[in-house]
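Undergrad: Have a look at this one before I ask anything.
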Amino acid sequence: MLSGKKAAAAAAAAAAAAAAGTEAGSGAAGGAENGSEVAAPPAGLTGPTDMATGAAGERTPRKKEPPRASPPGGLAEPPGSAGPQAGPTAGPGSATPMETGIAETPEGRRTSRRKRAKVEYREMDESLANLSEDEYYSEEERNAKAEKEKKLPPPPPQAPPEEENESEPEEPSGVEGAAFQSRLPHDRMTSQEAACFPDIISGPQQTQKVFLFIRNRTLQLWLDNPKIQLTFEATLQQLEAPYNSDTVLVHRVHSYLERHGLINFGIYKRIKPLPIKKTGKVIIIGSGVSGLAAARQLQSFGMDVTLLEARDRVGGRVATFRKGNYVADLGAMVVTGLGGNPMAVVSKQVNMELAKIKQKCPLYEANGQAVPKEKDEMVEQEFNRLLEATSYLSHQLDFNVLNNKPVSLGQALEVVIQLQEKHVKDEQIEHWKKIVKTQEELKELLNKMVNLKEKIKELHQQYKEASEVKPPRDITAEFLVKSKHRDLTALCKEYDELAETQGKLEEKLQELEANPPSDVYLSSRDRQILDWHFANLEFANATPLSTLSLKHWDQDDDFEFTGSHLTVRNGYSCVPVALAEGLDIKLNTAVRQVRYTASGCEVIAVNTRSTSQTFIYKCDAVLCTLPLGVLKQQPPAVQFVPPLPEWKTSAVQRMGFGNLNKVVLCFDRVFWDPSVNLFGHVGSTTASRGELFLFWNLYKAPILLALVAGEAAGIMENISDDVIVGRCLAILKGIFGSSAVPQPKETVVSRWRADPWARGSYSYVAAGSSGNDYDLMAQPITPGPSIPGAPQPIPRLFFAGEHTIRNYPATVHGALLSGLREAGRIADQFLGAMYTLPRQATPGVPAQQSPSM
């Protein structure tokens, strides 16, 4: 299957490498396609030159990394990232730099963050790196350094390597920290702020500094107490002089932050009552986290909001199993760091019982034996190098298309693995060539020595005969004796030299035979452990590696949040339940059709318990938070009239929607190590690598939660619960012993792909897709004018959900932020922007077209 692609991959890699003339080192993103110097391949792996000499295989797989924690509606939520964001909305042009590499995450060292070191070698760097300390520092500097070291106290004793490091990274505090926590740069305006405050961005620098202080201080006041509404009056009262002198600017900043969900979001006590008269009617399809967040915002802005939910509960893919003392999340499960995460605010508003996830994750082989630490670390290091190599192929050699088809991460990894296997065979061949060459040299030498020995023997006989002539000998006879002696001495010396060379060759031959190179790149055992890491990466992305985009699969890595990953021990569903309080939600109501025109919208829905019962809802705007899996469904689950534009449907088709399933096992007692949150099970085959590969111990009650990822996630949905639970117990008995593992009291098996209201777990960047598609998914749709020549209509159909937020996809916080984003967009459209100057018009809405990326 891969043979046809091998030669092409090898040739492409060789050509690029020959042109680049690279050195060994770690590659940094952005090289070949940007016209900058090409970085070298990752150390320890066969470089592009080797690629040219042999077959290339398919590619295999970065987060994350990862694994991702539970997604907003999936089963695991990928690590988000901290970083400045241009307001809560990322525009179509805000592509993130590509990074690929590996790092440990708080969720466990098994999680790939898939980041490459951001290092670019320059000539100066290389020359400095090669200097010794004596060459680098002057004599005065060396003496001063020595004196300073004498005065320094001895370093504190380091903790044993086995111990968990509980320390958290330092984060900025004060107004600067408030901006950081809100994902904003503290010292400059974002592009969204610049668009909303043109008078400030075009004004003097001092005016911008005043704006930034007011903005950051307002954020700080909100974050200090997010349980109570932060009013304009309270903000003005607490602002220090002279920043409180410009009340108009303070009001504009407060209105902007409130409108865009940076303050007064989530569940908080209102100081000002909701307006009695509602302005504008909005129907929200779906009551997941994005829909609930948007609904609360729109309601607080004074709009009339109704949510239509097909399930008999709120939360969507945030689903918690509860029975007696047993609590376990079937969907979203992990908070991926609190530094910059809006869930940090929600966790203060809601009773979220957060607990850090310990990083230690022992692995157990198929026979139940623990994987030795040295073997575990060696394979994990190789896994990291393989990912770095695929990044090098993509970003430095631009090997992203093969036979006019986008290359997947899975293909790339197999390419690198096969190149490594070829490299091992090449080394074997070279080794045997050296042995054969040494043997030939030894054979030739021994033949010389045999011939020389015969000559010496013959010459010795001649010398003996010449010496036996009794004196007095004539001059001729004397000369003959001396010449024979001289020749004999020379031959003996030559023989001794050959004997010395013989010893060296025999020693070399012995060394070569005693130290053969490895005959395989990966033993079958190594490959099984490597497949465990691949399964973990498939968990992070909720899809087989063969479907992931090689170039863009980790495009959101720059926005990862800081801090430990945490679990919600009392169940993640406490969040949507709290968000739903006080909202108009129609449960068991499935939307069948959405009609949108220049004058308004109409939503047709049915009762899921009695499909003959139809409801029609008229409104000014519709916010669609349907999961991407439902939007991809064929035939369509929801009909749009008129049909969605081609640029929207193409984005839906290009993007990937993954699958990840869980098995919840509730026991009457703990039989595993209670100090460990994670332990892995290494499958026996590549095909089954994702089957029950990771067990989680997170809750107070004795519960184990097993994950099924990759190809196994889809296969498992067609197998009965009894068989799946039986397989789980067999694995656990192999690890802990048959007598130690009791029958579970309760079991639950998720099947997210079969769920008609989800059709999968969460989005991923499929081969052929990119971060641009998330931006396209977020774009609202404007109906065409009903009458030719009529004014350009306004947008009527809006979209939110984890699949619409480029920087934070496949996460609960991403869903939350997308809901806040769309609430601000809808309110600006129908209520006007309160933060604009009186002389400014509300920003116009562009005509409907394919958004330029």
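Using N, Cα and C of the backbone, Cβ positions are placed for all residues, glycine too.
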Undergrad: Of the candidates GLU353, GLU802, which one does Swiss-Prot list alongside SER290, GLU309, ARG311, ARG317, MET333, VAL334, THR811, VAL812 as binding FAD?
TA: GLU802
Undergrad: Among the residues SER112, SER167, which does Swiss-Prot list with the feature phosphoserine?
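TA: Residue annotated phosphoserine in Swiss-Prot: SER167.
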Undergrad: Which one of SER132, SER300, SER720, SER769 gets the tag phosphoserine in Swiss-Prot?
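TA: Per Swiss-Prot, phosphoserine applies to SER132.
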Undergrad: In Swiss-Prot, which of 27-68, 111-152 is tagged coiled coil?
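TA: From Swiss-Prot, the annotated coiled coil range turns out to be 111-152.
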Undergrad: Using all protein chains in view, find how many other C-beta atoms are within 10 Å of the C-beta of SER612 (phosphoserine).
TA: 6
Undergrad: Can you count the other CB atoms that lie within 10 A of the CB of LYS434 (N6-acetyllysine)?
TA: 13
Undergrad: Around the Cβ of LYS433 (N6-acetyllysine), how many other Cβ atoms lie within 10 Å? Please give the count over every shown protein chain.
TA: 10
